[in-house]
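What follows is one structure encoded as structure tokens, with my remarks underneath.
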Amino acid sequence: GLSLQPLSFPPQPSPVPPSFQLDYEENCFRKDGAPFRYISGSIHYARVPQSAWRDRLLKMYLSGLSAVQVYIPWNYHEPLPGVYDFTGNRDVEAFLDLTADLGLLVILRPGPYICAEWEMGGLPAWLLWKPDIVLRSSDPAYLAAVDSWLHVLLPKIKPRLYQHGGNIISVQVENEYGSYYACDYGYLRHLLGSFRALLGTEVLLFTTDSARAEDLRCGTLQGLYATVDFGPDSNVTEAFDAQRWVEPKGPLVNSEYYTGWLDYWGEAHASTSSALVAQGLEEMLQLGASINMYMFHGGTNFAYWSGADFKNQYKPVTTSYDYDAPLSEAGDPTEKLFAIRTVISKFQPLPAGPMPPATPKYAYGWVALQKYADLLDVLDVLCPFGPIQSQFPLTFEAIKQTHGFVLYRTQLSRDVLDPAMLSAPPHSVCDRGYVMLRKEYQGTLQRDGQTALRVMGKAGDTLDVLLENMGRISFGANISDFKGLLGNLSLDSSPLSKWLMYPLAIDTAVQQGWPHAAQPKSSSQNRAGPAFYTGTFETPGIAWDTFVKFPGWGKGQMWINGFNLGRYWPGRGPQQTLFVPGSVLHVGRPNNITVLELEGAPTTPLLLFLDQPLFNRTFSRST
């Protein structure tokens, strides 16, 4: 019979697994073996509404970027120890899927500390439940929390690494650690071990520090590729010489080329000229450097997420994180974007297709609000479990309140018939205290400002101080930023005692529809001090992005349909409007506005919705 020979085929070359590596001979990256350099831009998913992620990433792709650089804020995902949230706007995997769909590579910066002008630099405030913890160090309590987080996060990242067929080409360990006082190499070594154990030996790990020698000394470690960050004001040659001092060979990398800068409350609006940014970019690209632009799209510090710097004093960051970036806060292409795109086109081909135009905005106009209630009259709703008692005031952290507000209450122990000084030790009011006596607003105590007020009253009168957390320090201090009353108040130097502390769950109530379903309280109409205002408006059949202005209002927090838009403070500036994404608005039914005004609303409480932002109006520090 016939003997059937098995068919034999010539051996196929096995496909080369994807690789992304450092080349110390040619001083470049190698992607799948070929020399590679990236042009990247920073975008933070936590600062952009989820429904806008694709739009912003598409505009970044069409600007000629080959990569995006992304921070992961630990505190955004682990609100309480062992409680994790990766849903909705926190769905980092969905965000990373979108980057891959659009053909963008990713440079991932998972911290654990990220700075980013974000609340506490991304570290969870619950770390401070152990008051003597040493953050960003080899403190075992800190490392234990970090490791348990990395064991949750990094397994989600590993399959998305370039080596595994994903689009993440490199991962940054910590963030500008050299600028931190601790200079703890044991900490960096521990992180290097954890990242290697959880992500494998192939992934490219790197650090970023400023181009100052002392920062590079404390921020770099053998086994982590050292990169630098600097803006258009720096001398490019000198800055890269600093990188060469610590990495004599390998690619030149600027991990944060500043396209603009952040704003602080009470200071001028930052801006950087497009020509300057474009010129610096071109100079670096001519040297063959890889560059990430920080920010390419800044976005918004919604709710309580804005951080603060510490430079001789506490400097809280504004709600807007527009950053004077190439894509504006609302995601619109700017003159700066086109200047950058022109530079990129000299070095690599741009993707086909026009840049999408600005998203449509709508000026919904004037909306009248009415006073719902003084804050002191709704404590039953805002603090359903009642107060915590203590002889002396406790911090937010001691009573496990992360964000927002805590009301501190006590009674006068004696008659004060002549004005007496109610005072706090310096820097112990963190960050602002709104003082009421017999429910009458007396004024405000401040962290670095006024720490005393004159008051009169009778024994047994109720003294209330509403404490506001304006955002924990994210950079520049060697201290843990506890919130609330860090010291006791005294009356003509005799300490007050027997305090009640009410941790306020305002967002929980507002998200459940309060107070729109409730009847207004018959509280005094014109009393100054912390109070809630409500109103509604309808959209004309469309829900377009808008900007809300606060004419004559003091300072506070605003929600639309339960979404916390962030802090407003027009009297301090420079920011005058809050960005309202169209995705939070309803079509065909009323939009519920809730405002918590802390100091005093205008006699006729009106808001004005505009089709463009106002960033640039700063008033004196005294207001």
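A Cβ is built for glycine as well, from the same backbone N, Cα and C atoms used for every other residue.
TrEMBL annotations: computationally assigned, not manually curated.
As recorded in TrEMBL:
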| type | residues | note |
| --- | --- | --- |
| ACT_SITE | Glu176 | active site, proton donor |
| ACT_SITE | Glu256 | active site, nucleophile |
| DOMAIN | 29-346 | domain 'Glycoside hydrolase 35 catalytic' |
| DOMAIN | 393-504 | domain 'Beta-galactosidase 1-like first all-beta' |
| DOMAIN | 530-588 | domain 'Beta-galactosidase galactose-binding' |
Grab the pLDDT values for the domain 'Beta-galactosidase 1-like first all-beta' (393-504) and give me their mean, rounded.
96
Length of the line joining the Cα atoms of the residue listed as 'active site, proton donor' and Glu256 (active site, nucleophile), in Å:
11
Quick one: give me the count of other CB atoms within 10 A of the CB of Glu176 (active site, proton donor).
22
C-beta crowding around Glu256 (active site, nucleophile), within 10 angstroms:
22
Please list, for the domain 'Beta-galactosidase galactose-binding' (530-588), how many residues fall into helix, strand and coil according to DSSP.
3 helix, 27 strand, 29 coil
